[in-house]
Each structure stands twice: as structure tokens, then as C-alpha cells.
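What follows is one structure encoded as C-alpha cells, with my remarks underneath.
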């Protein structure tokens with residue numbers, strides 16, 4: 001008899017504990033339901049990277065002196081520098097330069113230690129491709145001018161999630177009236193109506 005009562009008591013305790021955990025989970029769910037969305041609707045919305053963002057490396061062929069400092073400071077000896085020694089002017093002549101972004105860890109050592117500043121980090125981060133060999137950028141691909149999110153007219157650049165006010169660690173901690181990333185469909189329709197009336 002005592003054993004049955006103990007089992008019933010344990011079952012009741014377990015039920016109360018399970019109900020408590022379910023209640024805690026639902027409280028978190030309902031708390032998030034009251035908040036504005038923070039989802040970035042990629043690729044139609046993109047975050048503006050911070051000033052020190054380490055994206056695709058930009059290379060200026062004319063500035064490079066083929067010193068190979070970038071290869072020596074790279075933790076994985078990644079940049080491939082092909083050069084020939086010109087006996088007439090007694091200097092190295094750069095023939096080819098390439099970086100494989102499928103292997104690069106974007107540490108920025110090559111940019112920091114380059115004596116002629118021919119390497120720089122850009123804001124580009126969309127390097128995905130179907131073939132891994134396409135990630136091996138030669139001096140022509142590296143020399144392409146960097147692309148910025150704010151230059152694309154089809155994309156809405158979002159600054160809110162990239163730059164939060166001082167002391168705010170989460171976008172949810174912002175005051176209720178402040179602008180947030182992610183708009184309700186009604187707000188988007190209102191914006192479209194106002195822009196169409198202004199253009200007329």
C-alpha cells in the first residue's frame with residue numbers, strides 16, 4: 001500500500017514539474033510573439049557591414065612589389081605570388097597573384113603587413129559558388145572594385161541590426177518607438193502608396 005502511494009506521489013510531482021516546464025516554454029514563446037520581427041529578408045534586405053568588416057580582399061596589381069610578406073604572415077601560406085627577376089632594372093616583376101577564398105580564414109594579416117598597401121579588406125561577403133575552383137581569385141578578379149550593399153537599388157540596406165546604440169546588446173532592448181529591422185506588411189504597403197503619390 002505504501003509503495004503505491006509513493007508511486008502516485010512521484011507521478012504527481014513529475015506532472016507538476018512537467019507542467020512548470022511547459023509553462024516556462026510557453027512564456028518565452030508568448031514573450032517573443034509580442035515583439036517586432038528581427039528577421040532580415042535576405043536577399044531583398046541586407047545588413048550594412050561595420051567599418052572594420054573583413055570581407056573579400058581587394059588587390060591592386062600596380063602597387064605590388066612581389067615581396068611575399070603576405071605569404072609569410074599568412075597562417076596557411078595561402079597567397080600564390082608568381083614573379084620573375086628583371087635583370088635590366090634589378091627588380092622583381094609580378095606575373096600572377098591569386099588567393100583561394102575557399103581556404104582563406106579572413107584573418108587580415110596580409111592586409112595589415114603589406115608594405116605598399118596593395119591589399120585591402122572590402123565589405124563583400126557573398127562569395128558562394130557551385131564550383132570550389134571559382135573561389136580561387138586571380139589578380140583580375142581580386143582587382144575588381146568592391147561592391148557595397150548601399151549601391152544596389154533592388155536591395156534595402158538595413159543599418160538597425162548592424163549598429164545598435166551604446167550599451168544595447170540586443171535589438172529587443174531598444175525603446176518601443178525606435179526604428180527596427182523588419183517591417184510589417186501594412187507598413188510596406190503604406191510606404192509604397194506614399195512613394196507612388198509623391199512620384200505623381
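In case you wondered, yes, glycine gets a Cβ from its N, Cα and C as well.
Bear in mind that the values here come from a model prediction, so they are computed numbers and not experimental data.
Swiss-Prot names 64, 67, 70 as [4Fe-4S] cluster 1 ligands; from the candidate set 107, 114, the record adds 114 to that same site.
Taking Swiss-Prot as the reference, the stretch among 143-171, 172-200 described by the feature region 'Disordered' is residues 172-200.
Using a 10 Å radius centred on the Cβ of residue 64 ([4Fe-4S] cluster 1 binding site) and all shown protein chains, the other Cβ atoms total 20. Away from its own ends, the domain '4Fe-4S ferredoxin-type 1' (55-84) comes close to residues 49, 91-101, 103-107, 109-125, 127, 137, 139, 142-146 of its chain (Cβ-Cβ under 8 Å, at least six residues beyond either end).
Rounded to a whole number, the distance between the Cα atoms of residue 64 ([4Fe-4S] cluster 1 binding site) and residue 104 ([4Fe-4S] cluster 2 binding site) is 20 Å.
Of the listed binding-site residues 67, 70, 114, the Cβ environment within 10 Å is emptiest of other Cβ atoms at 67.
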